[in-house]
């Protein structure tokens, strides 16, 4: 039986400059498939609002939804490092964040992911002091879609320094991982090098410590708009298991994401 994957394993990957692949998972069967093929880090993302529930954003997702899918994924991948999103309006105050984090941690998560910058410092401190590990999320944060006016690249120009400052503030508050979404490669490189914690990219080029993809994008079953950073690994591989292996291999070698998947 394989040993449980911990944050220390990812920290070692960063130190040794070994890229690692992660993926979203929402149910037992796919979680088991991913674990069987060697993916040791999974995210129960609020992306399930769009991919599973059919909404046009992540905003309708509830804490109960996340807990339900977390339990299913944990059964399929008992030894993976499992991140679970706290959904929209589930962490508006530190106290609310702690209450909802407790629900998803009891459901099987190892860590909670929250979207936002320096305003979350007190929340991150409160959670980590109470043994709830935190993954930050900067750049394009889908829960803020109504503020951004759509799904747009973040961190260009002066906004890049603000994002870097936010990343450093989250790390100082105790965050142990950071997801960077849809930012220029140059900024992703600066952030990854400035932080001592592992940085996982999606639409941030191949310069981050790890990569994450929504599983539906990796299998080409997105429907409608296909994000620039996505790649259909199933098209070349022929079956799902081979597609997962190809995704991992291309991330680890730095082939994916390529220039065609990146922003500047």
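Placement of Cβ uses the backbone N, Cα and C atoms for every residue, glycine included.
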Site-mate of 85, 115 for Mg(2+) in Swiss-Prot, selected among 46, 56, 65, 122:
46
Spatial separation of residue 181 (active site, proton acceptor) from residue 46 (Mg(2+) binding site) - C-alpha basis, Å:
14
Site with most surrounding Cβ atoms, counting all protein chains shown within 10 Å, from the recorded positions 46, 85, 115, 181:
85
Determine which residues of the same chain, besides 46, 47, 85, 113, have their CB within 8 A of the center of the CB atoms at the recorded 3-methyl-2-oxobutanoate site, and list them by sequence.
24, 43, 44, 45, 48, 58, 61, 66, 84, 86, 87, 142
Check the Cα-Cα distances from residue 85 (Mg(2+) binding site) to the recorded positions 47, 113, 181 and tell me which is shortest.
113
